[in-house]
Structures are given as structure tokens and as C-alpha cells.
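Participant: Mind looking over this structure? Questions follow.
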Amino acid sequence: MNSRIPEDLIERAHRGKTTKEDALLLLEVPPFELFRFADELRDLAAGDTVTYVVNRNINFTSRCTGSCGFCAFRTDDGKVLSIEEIMEKVREAEKANATEVCIQGGLLPDVGLDFYQGIVEAIKAEFPEMHVHSFSPMEVYHASRISEIPVKESLRRLKRSGLDTMPGTAAEILSDRVRKIICPAKLNTAEWIEVVTQAHAAGIPTTATMMYGHVETPEERINHMLTIREIQKETGGITEFVPLPFMPYNNPVGEKMIKEGRYATPGLEDLKVYAVSRILFHGHVDNIQASWVKLGKKFAQFSLHCGVNDLGGTLMEESISRSAGACHGEMITVDELEWMIHGAGRIPKERTTLYREAHELASRNSRKIAGCGAFE
């Protein structure tokens, strides 16, 4: 069969040198040819193993001084969990054999770095082996301003307190044109890059995300990925790339889209994003993650044939996507995740946050994560 993908593009991709022009051309290739190429590169980078992490999300407050137009989670007067309330959720996670807690929340007007350090220190004092994967670049930037200390120093202090890794959220699209429309009060592109690269310098690896499907252009998506790739070439501190389709419900940006006759990204477009991500990041970021909360379980399963090699976590609770209209649940058992992976013809493997093999695991089909009711 004649390929619509030029040979020189294929050769550049294998060397980790896919260009912006290459990526834009790939978006025009017949979808299943694109998926096949991405799947070949996935096999080279990760083999037939599909990973997941047993974790728990903890959103400590919906109260936020921010004004992001895409957010359906923020409130003006939401409850702020105390450290003891956060710890109770961590204890429940530990009982459910979680290896990671991911803690994030809204931006509080008078809460500086001490609050964030206190959370980490409380967790590490009681559960020194629990991996703390917490606080977005925006939270760190905001806390630094409140505490009147440089971001670099904030990250050093968080590292000393025991912060292991950070989620590379708050990235949205790394284009100031886009950010001025959807999140004008949020840190700009250069500031996001500064927080992430300073985190890596402090010994705190991060993930990297991209929230797409709102006001950005295809070229801005590609530029976003190339920016992440350049960071990775400089620091090597990014563990995974996570494309996140925008949920256009219950938020101003989405309401405007719907009035204009535009809705959530079509599924085929989502799969193209995952495939192009795999190709652009080949040789740089080995792990491409699909969010089953955003895509749905069956579609996330199909993404495993489009370049994806990781399905994220069990979560146990997920408030942010759900508030914006995601309807695919907020927890999943290890049994079901492994069933999905086997059903896609792949080999499931529990991992740590840093993509190392989790202790005492080959396949824990006998061990289940408690349902949501156990955490209410």
C-alpha cells in the first residue's frame, strides 16, 4: 500500500526531529494511516506494555481568585479542606494501596507557601513512602507571590518539605494569544516555562499537559508540543505528555462555543492529537497518556492503538472534569483498567509516578480499589 506519509518525514520522526511542518502535514494524512505510524513509534518507545498508577486525586478547595473562562470548578466561597481533612483522604488512599496522591486546588487570596509545605510535610510525616505529586505551576507561582519569594526558592522549599513531583497542568495552550482569551489572569507562557524548568532544576520532575479544543488553531497546538519538547531537550524532567480535550459545558468559553455551533472535539480529532503527540515526542518523551475521564473508557482503550501507552490513574475522585460536563466517572478499579488493557491486546502493568515498576506487582487482579462510596 502506498503511504501518504513522505519517507523523509518518517526518517525525521524516527530520529526525533519531526518539524512543525511535518506535524501539520500529518494532520492531513488519512487517519488510520496516521494511527498506524504512531502505533509503530509507540511500540519502539514502550513495547506492548500499557501502564497505570494507583492514585487518588484530592482537590482541597474550589474557592479561587482566578477568572479562567474554561473553568466550571471554581467558586467564590467553596470549603477549604483543613490539613487533617486532607490527611483523612490520604489515609483512605493508603488503605486502598495507592502509591500516589495528587493534590491541587483553587488559588486562595491569602494563602502562601507555608500552607502547601504544611500539606506535604503532614503527608510525609505519616506516610513517608507515599508519592506526593502535587500543586500546579500556577499554584506555585501564586503562592510565591503571596509569600513574596522567588519561584526558585519556593520550589527549593517544597522539595525540602518532601514534594516528589508536580503535575504540569495550567499549561492549557502555551500561546499568549490564546491565554489572553481563555485565562488572562493566569501566568503567561514564559512564566509557565519558568516554573516548570525551575522545578526540574530543583529536582522535581513534572508531567506536561495540553488542553485543546477551544479557541486555539492547529498550528498553536503543534507549537505547544514543540515548546514542551524544547523544555524536555533542555532539562529531561518531563515524565509524560497528557493531551486533555476541553469540556465545553458549564463555563463561559464553552457556552460561547456552543452558541456558535461548536462543541467538544470530535473523537477522530482527539485520536489525531494523540497520534501526532506520539510522533512529535518520539525520542524525547516516551509516555503519552490518555485521560479515560475525558475520553471515556472505550475510547481511551482505542487510543492505545493510536500512540498512547498509559491510561493514567484510578483517581478515586475527580471533581474538575466532572464539573465541566465529563460523564465517564471519577474512579476505576485496577481490575477494570487491566480488563481494558487486555481487551486492547496489550499487557497491563502498574507503575509508580516516575514510571518505575510498582512494588509487589505482576498483575494484581485479586486486589481491588474501593468504590467511590468508601470515600464519601
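Glycine too: its Cβ is placed from the backbone N, Cα and C atoms.
If you look up Swiss-Prot, you'll see 50-275 marked as domain 'Radical SAM core', on the strength of sequence analysis. The [4Fe-4S] cluster binding site annotation in Swiss-Prot covers CYS64, CYS68, CYS71.
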Participant: Have a look around CYS71 ([4Fe-4S] cluster binding site) and count the other CB atoms within 10 A of its CB, chains all included.
Facilitator: 20
Participant: DSSP secondary structure for CYS64 ([4Fe-4S] cluster binding site), reduced to helix/strand/coil, please.
Facilitator: coil
Participant: Rank the binding-site residues CYS64, CYS68 by how many other Cβ atoms lie within 10 Å of each Cβ and give me the one with the fewest.
Facilitator: CYS64
